[in-house]
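Visitor: The active site, thioimidate intermediate annotation in Swiss-Prot covers Cys308 and rests on sequence analysis. Residues or ranges marked as active site, proton acceptor by Swiss-Prot on the basis of sequence analysis: Arg406. What Swiss-Prot lists as NAD(+) binding site is Asp251, Gly301, Ile302, Gly303. The feature K(+) binding site is assigned by Swiss-Prot to Gly303, Gly305, Cys308, Glu475, Ser476, His477. Sequence annotations record features per position, and here Swiss-Prot assigns IMP binding site to Ser306, Asp341, Gly342, Gly343, Gly364, Ser365, Tyr388, Arg389, Gly390, Met391, Gly392, Glu421 based on sequence analysis. Per Swiss-Prot, the feature domain 'CBS 1' maps to 93-154; the stated evidence is sequence analysis. Marked as domain 'CBS 2' by Swiss-Prot: 158-217.
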Amino acid sequence: MDKILYDALTFDDVLLVPAYSNVLPKETVVKSRLTRQIEVNIPLVSAAMDTVTEAELAIALARAGGIGIIHKNLSIDEQARQVAKVKRFESGIIRNPIHLFEDATIQDAIDLMIRHSISGIPVVEHPTPEGCLLLKGIVTNRDLRMTASSDEKITTIMTTNLVTAKEGIDLLTAEDILMRNKIEKLLIIDDNGYLKGLITFKDIQKRKQCPDACKDSQGRLRAGAAVGIRANTMSRVDALVAAGVDVVAVDTAHGHSQAVLDMVATIKQKYPELQVIAGNVATPEAVRDLVKAGADAVKVGIGPGSICTTRIVAGVGMPQLTAIMKCAEEAKKTDIPLIADGGIKYSGDIAKALAAGADSVMMGSVFAGTDESPGETILYEGRRFKAYRGMGSLGAMSEPEGSSDRYFQDVSAETKKYVPEGIEGRIPAKGKLDEVVYQLIGGLKSAMGYCGVRTITELKENTRFVRITSAGLRESHPHDVMITKEAPNYSTSA
């Protein structure tokens, strides 16, 4: 038996071959699929890491057209709250608005506004046996500023002379009503006066600012969340579904394991319409088995991340480009999207990953340096950095809701009982996420122009690679010159 199967390559080993083109970069379309049922307007996904993705970054990325996967090093309630924050940030019509009953106090309103970062709350009667809520008024933060006592009933300050609209109103008409009446919130009711929804002027403005935002059928930003394989995982999934999550990622270092297959099947059995990403894998056999278990997308990548030490500690893995290509052959048979997770340093790597067969790319370090990431900001020798750590690092695994199960390790009170497969470090701060995304997508569009393709599908089907030498790689980077001013899309520290 031949132990050496084949040579395996990664992004730096190849270049895309330019082709005849009548396509300009600005004419390309970068819309792609995340899962069987979810499309993204840009093929970028943020990693489920505790120094990368929480609500703030997930909101920014969804507004740009991608999607964020909120990490699971959080309590179940907190992770669900993070998802809900994304879902409520921007809506067409808020179908189940946060509300107060008539016997609530002003302090209740203050607490609710602070907890959910909102500025107005409908006031309703206690629900009927059918669960209907009769609208009585609305209280806004302006009303709260006009009162001295927080113990008074909310009915003493709420506005009762309401401007409302009936179900089925379109957003253009709603905007006209808001403008004419100089109000910020339009309450939606049915013929009986029961509360059915809420449209805010702020949401309408947000839609105009980000026309390419990744949204669900109700006009809400899309959000994903990671889950593991612990005993309480289904409780976590229940809470995430209640919060409105669009997709859950069964997130482990080795997706081709029975525990992951069982968890995917369990989730799909209880929530058949919920989209489930499963991973990580590096072989076509793993893709086949996860698809059979019910996965709606498969995440590819064993050890390519900048903070991952799996290939060194365990001696196991697969160079990322070959892993994508091998997995894509199997995924194509069932039309299941692939997510290339890890190893992305530059926008050119995104183009290579997609050309190799991925439908989207998941990135950690690229986004960890943005202002919106939850990592700590560090000032070192006059430069700004952000903390960045692998989910296999000691710090991440030692958290109360830590990631040890991602690496199939038992929870322990002693850090020395963990065998880490990641490190902790810092990366240069990069500024706002939308500026980073602009450069990444600009680079991808440039690649598509060079290759003469208009869509991601054409990029996958109509491109070829050449293998390069170490000398070719050196020639590809700036050489024989001292860089005096770094470009926004190229850094020697990448």
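Glycine residues also receive a Cβ, built from the backbone N, Cα and C atoms like all the rest.
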Visitor: For the IMP binding residues given in the record (Ser306, Asp341, Gly342, Gly343, Gly364, Ser365, Tyr388, Arg389, Gly390, Met391, Gly392, Glu421), what is the largest pairwise C-alpha separation in angstrom?
Guide: 16
Visitor: Given the recorded positions Gly301, Cys308, Gly342, Gly364, Gly392, Arg406, which lie within 10 A of Glu475 (K(+) binding site) by CA-CA distance?
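Guide: Those near Glu475 (K(+) binding site) - Cα within 10 Å - do not exist; the answer is none.
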Visitor: For Asp251 (NAD(+) binding site), find which of the recorded positions Gly305, Cys308, Arg406 come within 10 Å, Cα to Cα.
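Guide: Of Gly305, Cys308, Arg406, within range: Arg406.
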Visitor: Of Gly342, Gly364, Tyr388, Gly390, Arg406, which recorded positions are close to Gly303 (NAD(+) binding site), meaning a Cα within 10 Å of its Cα?
Guide: Gly342
Visitor: When you measure from the Cβ of Gly392 (IMP binding site), how many other Cβ atoms are you left with inside 10 Å?
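Guide: By my count, 26.
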Visitor: DSSP three-state call for Gly364 (IMP binding site): helix, strand or coil?
Guide: coil
Visitor: Near Gly390 (IMP binding site) in space, meaning Cα within 10 angstroms, which of the recorded positions do we find among Gly305, Cys308, Arg406, Ser476?
Guide: Gly305, Cys308
Visitor: Per DSSP, what is the helix/strand/coil residue tally across the domain 'CBS 2' (158-217)?
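Guide: Secondary-structure composition of the domain 'CBS 2' (158-217): 20 helix, 17 strand, 23 coil.
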Visitor: Around Cys308 (active site, thioimidate intermediate), which of the listed recorded positions (Gly301, Gly364, Arg406) come within 10 Å, judging by Cα atoms?
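Guide: Within 10 Å Cα-Cα: none.
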Visitor: Please identify, from the recorded positions Arg406, His477, the residue with the sparsest Cβ neighbourhood, meaning fewest other Cβ atoms within 10 angstroms.
Guide: His477
Visitor: Which of the recorded positions Gly342, Tyr388, Arg406, Ser476 has its Cα closest in space to the Cα of Ile302 (NAD(+) binding site)?
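Guide: Out of the listed candidates, the nearest Cα belongs to Gly342.
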Visitor: In Å, rounded, how far does the Cα of His477 (K(+) binding site) sit from the Cα of Ser306 (IMP binding site)?
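Guide: Checking the Cα atoms of His477 (K(+) binding site) and Ser306 (IMP binding site) gives a distance of 19 Å.
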Visitor: Test of understanding: give the count of other CB atoms lying within 10 angstroms of the CB of Asp251 (NAD(+) binding site).
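Guide: Other Cβ atoms within 10 Å of Asp251 (NAD(+) binding site): 28.
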Visitor: Ranked by the number of other Cβ atoms within 10 Å of their own Cβ, which of the binding-site residues Gly301, Gly342, Gly364, Gly390 ranks first?
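Guide: Buried the deepest by this measure is Gly301.
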Visitor: By CA-CA distance, flag whichever of Gly301, Arg406, Ser476 among the recorded positions is nearest to Gly364 (IMP binding site).
Guide: Gly301
Visitor: Excluding near sequence neighbours, so keeping only residues 6 or more apart in the same chain, what lies with its CB under 8 A of Gly305 (K(+) binding site)?
Guide: Asp341, Gly342, Gly343, Gly364, Ser365, Gly390, Gly422
